[in-house]
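**Student:** This structure is in structure tokens; I'll ask about it shortly.
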Amino acid sequence: MNILVIKSSVNEKKGSYSSHLSDLFIKFYLEIHPEDQIEVYDLNQFGLANTNLTIKNFEDKTFYQKAESDFWINKLRKADKIVFSTSMTNFNYSATTKNFFDAITVPNKTFLLDKNTGKYTGLLKNIQNVQILTAQGAPLGWYPFGNHSALIKQIFEFLGAKVRSDFFVLDGTKVAPNNQKPIADFVAQRQNQIKILAENF
């Protein structure tokens, strides 16, 4: 089984809650499936982190080259399962995540459009499951318009991936007393939930 782990928080260097979630999830998963192949990618280390879609690079097609679109699409095509983590940034997922989805949402590569019927068909049907792990500073419900986790789920489903696992949101990271705790300690408080997700993945 090939597991593709994608990290997309802008706080990776300072310490990312969502990245800690991902690391803990993979730790538990490997305890159950030590034979599986794990590939981990921090999107911040690649060109797409600083390559956003604009009118110019869309028209001249250079966006897809600079964002290494084919590289990421090929990684997705070879994966059996995905672990995707990011944090909420200004009520949405990170700009790096947006760049990633722009790079992989490509007609005739990851989805088909029937112009006669308007029907879309996702092509990433090889992906058997996606575990979405996110973090946000506010408690759940503070920003009902900012459901970044559900949006990520819907995009993967649009592209043909199965998302059988419930997404997990580590919320309230910026409010007391949570913001007084080391990241690892706060994440560890939810480790039983993460372990169950890993067991069912």
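Including glycine, each Cβ sits where the backbone N, Cα and C put it.
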**Student:** Quick check on the annotation: Swiss-Prot has S16, Y17, S18 binding FMN, so which of S8, S9 does it put in that site too?
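**Tutor:** It is S9, as the record lists it for that site.
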**Student:** Tell me, how many other CB atoms lie within 10 A of the CB of S18 (FMN binding site), whichever protein chain they belong to?
**Tutor:** 29
**Student:** Which chain-mates of S9 (FMN binding site) that are at least 6 residues away have a CB under 8 A from its CB, listed by sequence?
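**Tutor:** Correct list: S16, Y17, S18, S19, N44, S85, T86, S87, S94, T96, A135.
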